[in-house]
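Novice: Got a structure here, written out as structure tokens. Questions coming.
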């Protein structure tokens, strides 16, 4: 995993512009806190990406469990941050207003760790089933898993909606799964 460039960049500027268009006063407190934390850690990473990314090798074999906490809040580049935080902005506004801030903060904290655990379990299963140790070396960062879980939760609380995935109308309860497959095909890394 390559180290990304630090500092202000096009993706970050666009993200800040989008947030300002919504208005800070219109963003619930936990959602705003998650946005600020992710932007802060993008500008001031705790460690290089190779030292915070989550993999079976690092988390399980080397018992570097802190990566479960660090990986979701670090991003590979400014566009990775932009897409994740724009998604967080909209999902956070909808869900935090519905669930209230304390419950939403709890969900974010649980999902942030749980998604890493699920990632590790799936990678271990791939190592075992495919007999390919390279899956144990895959190292990931970012908030995408948490956002996917929030999307599923949002679909639960707002059933019957139709989403557009690449211009195709799809029931929202299936759209998150179609998006997951599409994302994997478009950007498998």
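FYI, residue positions are counted from 1 along the chain as it appears here.
Each Cβ is built from the backbone N, Cα and C atoms, and glycine gets one as well.
Per TrEMBL, the feature transmembrane segment maps to 34-57, 103-129, 135-153. Taken from TrEMBL, the feature domain 'Peptidase S54 rhomboid' applies to 63-186.
Just tell me what is around each of these and how deep it sits.
Specialist: Distant neighbours of the transmembrane segment (34-57): 1-4, 6-7, 12, 15-16, 19, 27, 67-68, 70-71, 73-76, 78, 81, 84-85, 88-89, 92, 108, 116, 119-120, 123-124, 127, 135-141, 143; these residues of the same chain sit at least 6 beyond its ends, with a Cβ under 8 Å from one of its Cβ atoms.
Below 8 angstroms of C-beta separation, residues 28, 30-31, 33-34, 54-56, 59-60, 67-69, 71-73, 92, 95-96, 135-136, 138, 140, 145-146, 148-150, 153 of the same chain, each at least six residues beyond the ends of the transmembrane segment (103-129), sit close to that stretch.
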Novice: Mind checking how the domain 'Peptidase S54 rhomboid' (63-186) divides into helix, strand and coil residues in DSSP?
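Specialist: Helix (H, G, I), strand (E, B), coil: 92 helix, 9 strand, 23 coil.
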